[in-house]
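Since the structure comes first, as structure tokens, the remarks are kept for the end.
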Amino acid sequence: MSGLLVPKDERGLITHVAHHAALPFVARKKSAQVRPKIDPELARLILWYIGCATFWLVFGTTVGEYVGIKFVAPDVDEVSWLSFGRLRPVHTNAVFWGWASLAMLGLGHYVVPRVSNTQLFSTKLGWYALVLINVTVFSGTLCLMAGINNGGGEYREYIWPVMLPFAIGLVLTLYNFVKTIANRTTKEIYISNWYIVASIIFGITITVVAYLPFWQNGLGETIIQGYYMHQGVGMWFMLFTLGIVYYFLPQQLNKPIYSYSLGILAFWAQILFYTTIGTHHFVFSSIAWWLQTVAIVGSAGMIIPVVAGTTNFVMTFKGAWFKVPDSYTLPFFLTGIVFYFTGSLQGTAEAFRSTNLLWHFTDFTVAHSHLTMYGIICFFLWAGIYAVLPRLTGLEPPQITVGVHFWLALIGLLFYTIPLMYGSTLRGLMWMEGKPFIDSVIFMAPFWLWRAIGGSLMWLSHLFFAYNMYHMIVSSVVIDIRETAFEAIVQENND
């Protein structure tokens with residue numbers, strides 16, 4: 001094909017295929033592999049999970065975009081239900097429980113049966129869980145905008161009757177997945193199922209613990225808040241997402257994971273260390289000094305699972321780096337791996353007393369949370385979605401808009417986080433020097449502008465993602481080079 005001579009094409013097969021304007025003979029990106037045999041009802045369930053997640057992503061980040069604008073133009077409105085104090089938790093909870101949680105569970109409904117080599121135990125339970133979680137996010141959004149707030153701390157602003165359906169949904173999902181794994185036809189339990197089941201167990205645990213009434217008073221409530229907030233990120237979102245990566249990354253590279261042992265080491269090390277680090281959010285507080293020290297030690301210990309996991313993922317790429325430019329899923333995986341390493345180590349660095357003194361109460365923590373929840377969780381979820389949806393529907397997303405989505409999200413995240421980290425470091429130094437607080441507010445204005453610009457790019461990328469979702473689910477144009485070539489051969493034989 002790359003030589004100087006004209007290829008022998010007596011049947012005109014190459015010419016026939018190349019005449020299709022939307023169908024170049026050699027695709028710039030490799031399309032999805034052959035569609036697996038999957039229960040149509042399960043495929044429909046997964047599509048609904050991911051579709052609902054996409055809605056909450058666009059909604060939640062639209063609210064976040066407006067909140068970011070308020071930093072630049074704080075007097076843009078005078079409506080109580082659009083105030084910063086109400087919209088900020090609407091944004092965080094919508095993207096946490098609506099976007100990320102539903103996307104993870106949707107992908108989990110695909111991964112768990114696949115690696116168990118069996119059918120999902122019950123699609124009906126999956127539908128129940130989907131409805132319950134959507135009820136939580138919808139009713140929680142209305143309550144928060146109406147000023148009905150739990151007041152218990154970050155990420156648990158939903159009152160307990162609102163959060164109850166979410167917890168029930170997780171219980172139903174756990175039962176569904178455990179029964180599926182119990183019915184597996186493989187001898188071993190693949191590492192993805194370890195991560196996914198453990199994350200759901202921790203998700204149920206932290207949800208219950210965070211709302212027990214006898215732990216909602218005094219200093220104990222603060223300790224519970226630190227536990228809930230950090231376990232939500234690390235043991236619910238991170239564990240589940242890593243389980244998804246352990247399935248889809250080897251699948252997309254068409255090679256096994258580099259080391260099963262490294263995966264198990266990272267799994268148990270994360271459970272050992274991450275469950276102790278919640279109090280590092282309250283260093284220098286009135287919480288017992290020894291408990292703060294335990295949290296700092298646990299934060300340092302997180303270096304072990306992060307390095308083990310990153311090494312495992314990067315070494316899986318070994319010998320297959322050439323596949324990255326030919327794929328629209330692998331760049332998302334690779335970006336997520338980079339942020340998994342850098343963002344996690346950044347969290348360890350923030351935990352030490354010397355650095356906590358500088359960065360705490362500044363926007364550095366906001367930058368860090370986006371570097372991890374967005375740079376790690378979102379990029380991994382997008383990679384999984386782009387990997388699985390074409391295999392369910394047979395429809396590929398437009399490659400150019402996938403690229404636009406990727407670059408807008410990545411550049412927007414960097415525009416958002418880097419200025420905030422730089423400005424917040426200088427702001428912390430201003431506080432330590434005893435300068436007036438209002439001076440630090442004025443100083444941060446240009447960095448908040450960069451935050452709004454970066455957030456706008458991220459929000460635009462989500463619109464492109466929603467557009468790609470449309471093409472992967474309901475687009476009427478199906479392009480398959482193999483089918484077109486086969487039809488050409490049949491036609492030639494008939495002639």
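The backbone N, Cα and C atoms fix where each Cβ goes, and this holds for glycine too.
So that you can see what the record holds, here are the features copied from TrEMBL:
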- 45-69: transmembrane segment (TRANSMEM)
- 94-113: transmembrane segment (TRANSMEM)
- 125-147: transmembrane segment (TRANSMEM)
- 159-178: transmembrane segment (TRANSMEM)
- 190-213: transmembrane segment (TRANSMEM)
- 233-250: transmembrane segment (TRANSMEM)
- 237-495: domain 'Cytochrome oxidase subunit I profile' (DOMAIN)
- 257-277: transmembrane segment (TRANSMEM)
- 289-315: transmembrane segment (TRANSMEM)
- 327-347: transmembrane segment (TRANSMEM)
- 367-389: transmembrane segment (TRANSMEM)
- 401-422: transmembrane segment (TRANSMEM)
- 442-465: transmembrane segment (TRANSMEM)
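It is 367-389 that, among the stretches 190-213, 327-347, 367-389, 401-422, forms the most Cβ pairs under 8 Å with the transmembrane segment (45-69). Looking at 159-178, 190-213, 327-347, 367-389, 442-465, the range that has the most CB pairs within less than 8 A of the transmembrane segment (401-422) turns out to be 442-465.
Using the rule of three or more Cβ pairs under 8 Å, pairs at least 6 apart in sequence, the transmembrane segment (367-389) is in contact with the transmembrane segment (94-113). Counting only same-chain residues 6+ beyond the ends of the transmembrane segment (94-113), those with a CB under 8 A from a CB of the stretch are 38, 42, 45-50, 52-57, 59-61, 63-64, 119-120, 126, 129-130, 133-134, 136-137, 140-141, 155, 158, 166, 173, 177, 180-181, 192-193, 196, 232, 236-237, 240-241, 243-244, 247-248, 373, 377-378, 381, 384-385, 388, 392. Counting same-chain residues at least six beyond the ends of the transmembrane segment (289-315), those with a Cβ under 8 angstroms from any Cβ of the stretch are 223, 226, 242, 245, 249, 257-259, 262-263, 265-267, 269-270, 272-280, 282-283, 333, 337, 340-341, 344-345, 347-348, 351-353.
Among residues of the same chain six or more beyond the transmembrane segment (125-147), those with a C-beta under 8 A of the stretch's C-beta atoms are 42, 45, 48-49, 52, 56, 80-81, 86-87, 89-90, 93-94, 97-98, 101-102, 105, 109, 157-159, 162-166, 168-170, 172-173, 175-176.
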